[in-house]
Every structure is written in C-alpha cells, then in structure tokens.
C-alpha cells in the first residue's frame, strides 16, 4: 500500500512539474518572440523574402546536410539502435525559436533568423517524414508518427507573437523598445529554466554513454560550422553568417520529444530519448559558448580599434606640434 501511495504521489508530482514546466516555457516563448518581433522592420523582412540567400543556405543545412551528418555520425560511433533513432530524429527536425534570442544576443539579423525558423518549420511538414523514411531503415521498420499538429503549433507560437511585435514597432516605437528588453530578459530566464527543469525531470540523461555525449556535442557544432562556412562562401556579411550558423546549429528538440512519445511505448522511451534530452542541454551550452566567443572577439576588436584610434590621434597631434 505504501508503495502504491508513493508511486501515486511521485506520478502526481511529475505531472504537476510537467504542467508547470509547459506553462512557464510557453509563456516565456511568447514574451521572447514578441520582443524579437519588436526588433524587426518590415522593410528588412521584405528584403530577405526577395533575396532569400540566407534562407536557402539554412534549408540546405537543415534538411539535406544535417540529416546526412547525423546518419553518418550515428554509424561512425556505432550507437545502439534506440539511441541512433533518437539522434536521427533530432537531426531531421527544423530549427527552433531558441535561435532567435541567441541571434539577438550576438547582434545577428533577427529578421533573417525568424524568417529561417518560419520557413524551416513549414518545410518540416514534408521534409521530416521524407528524411526519416530515407535514413531510419538502418535501425527500425517502425513508421515514425510525424506530429503535424505540433509543427503547426510551433509555427504559430513563433510567428504569431513576432508579427504582433513587428506591428508594435511600426506603430509605437517606445513600447517596442521596452518589449525588446523584456524579451531579452525572458530569454535569459528561459535558458536557466529549461536547463533546470530538464535536469530535474530527466536526471537519467546524464548517465548516457560517452558515445552519446560525443554525438550530442558534435551535432550542434557541425551545424554552426557548416552554416557559417557556407554563408561566408556565399559572401554574406558577418552579421548574417552568425545568424545562419546559429539557425543551422540549433534544432527543435521539443518537437523531437513529441514525435518519440507518439511513436514509441513508455517502456523504451527512456532509452530512445537519451540523445534528444542530452542534446537539449548541450545545444544550449554550445550556444552559450558561441555567444561567449562572440563577446570575447567583439571586446578584443573594440579594444584594438580604440588603441588604433588613440595612436592615430596622438600621431596627428604630434605632427601638429612639430609643425608649429
């Protein structure tokens, strides 16, 4: 009886934590996307639609390169079938809204980031099942259930608040500036919240094998590197290169979790979700590392420019003094 009571209490606590987690993260997402929308001018959005170079690079990475890299990496590391399936599903997912706030923090092109997120989410309706059909046969014959409703919800949660933010910036500039700060603050809170709640709800993910850890670290950096290099080859400016790198390196892992829950039984979910859960943590950590590297490089360049400016001014002053 005590065991039954304890199990019931544990299940109730878990359910309550999940509900609180879903509500808090959803609310944070709305505030974040509203704030990010407030950074966008309509003309910049139209510019990306007319010349979708960045969007095309992102889609090439999301739905051609990353699924192939994920497939090859899973075989190279000889992951168990369940872990490999979880990894493959992550690699076939579209970009997530996390990229939008990190694009803002790295002084990226937020309008490009949101455009890429929106397009990749819509394309996922067709490209996810296609890639999973092509690559999953190495490990399973089970037909994976694509969460189309969740994909559309993800699209609505991303675009809806962003559109409202764009309109606010168009009509009320002062309010838009306030909402941008609120969105940035909500993003910081959301990062801490996600890492904390995931660690509390799924502590078993940290017991994953070293192979899964290696894969979870390599995948986001592979996306960052490919996106940045291809953007440079296509002669995109540094601002767009950073944006494209982030967009191609961060996947929508909550969508992956939904797909796995819909497809597989609870008995094997703990094993098949190991990679997606650990990826959710390492992806944020890698993004924070990307942000830290950018801030350091920015600081170094700023210091160098100030020294060069000081030297130039000093030289001019010395020349003036000598010519008197």
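In case you wondered, yes, glycine gets a Cβ from its N, Cα and C as well.
Please treat TrEMBL annotations as automatic predictions, because they have not gone through curation.
Taken from TrEMBL, the feature transmembrane segment applies to 20-40 (among others).
Within the chain, the transmembrane segment (52-76) has long-range Cβ neighbours (under 8 A, six or more residues past its boundaries) at 83-84, 87-88, 90-92, 94-95, 109, 112, 115-116, 119-120, 123-124, 127, 131, 134-135, 138, 215, 218-219, 222-223, 226-227, 230-231, 234, 236, 240, 243-244, 247-248, 251. Annotation comment: TrEMBL describes 52-76 (among others) as transmembrane segment.
Packing against the transmembrane segment (82-105) from elsewhere in the chain are residues 29, 32-33, 36, 39, 58, 62-63, 66-67, 69-71, 73-75, 112-114, 116-117, 120-121, 123-124, 127-128, 131-132, 135-136, 138-140, 144, 151, 154, 157-158, 162, 183-184, 187, 190, 208-209, 211-212, 215, 219, 242-243, 246-248, 250-256, 259-260, 268, 271-276, 279, 283-284, 287, 290-291: each is 6 or more residues past its ends and has a CB under 8 Å from a CB in it. For 82-105 (among others), the entry in TrEMBL reads transmembrane segment.
The transmembrane segment feature in TrEMBL is assigned to 112-134 (among others).
If you look up TrEMBL, you'll see 146-167 (among others) marked as transmembrane segment.
Here TrEMBL flags 179-200 (among others) as transmembrane segment. Within its own chain, the transmembrane segment (179-200) is flanked in space by residues 17, 21, 24-25, 28-29, 31-36, 38-39, 101, 104-105, 165, 168, 206, 277, 280-281, 284, 288, which lie at least six positions past its ends and keep a Cβ under 8 Å from the stretch.
If you look up TrEMBL, you'll see 212-232 (among others) marked as transmembrane segment.
TrEMBL lists 244-265 (among others) with the feature transmembrane segment. Same-chain neighbours of the transmembrane segment (244-265): 54, 57-58, 61-62, 66, 86, 89-91, 93-99, 102-103, 106, 108, 112-113, 116-117, 120-121, 124, 142-147, 150-151, 154, 219-228, 230-231, 236, 272-273, 276-277, 279-280, 283, 286-287, 290, counting only residues six or more beyond its ends whose CB sits under 8 Å from a CB of the stretch.
What TrEMBL lists as transmembrane segment is 277-297 (among others).
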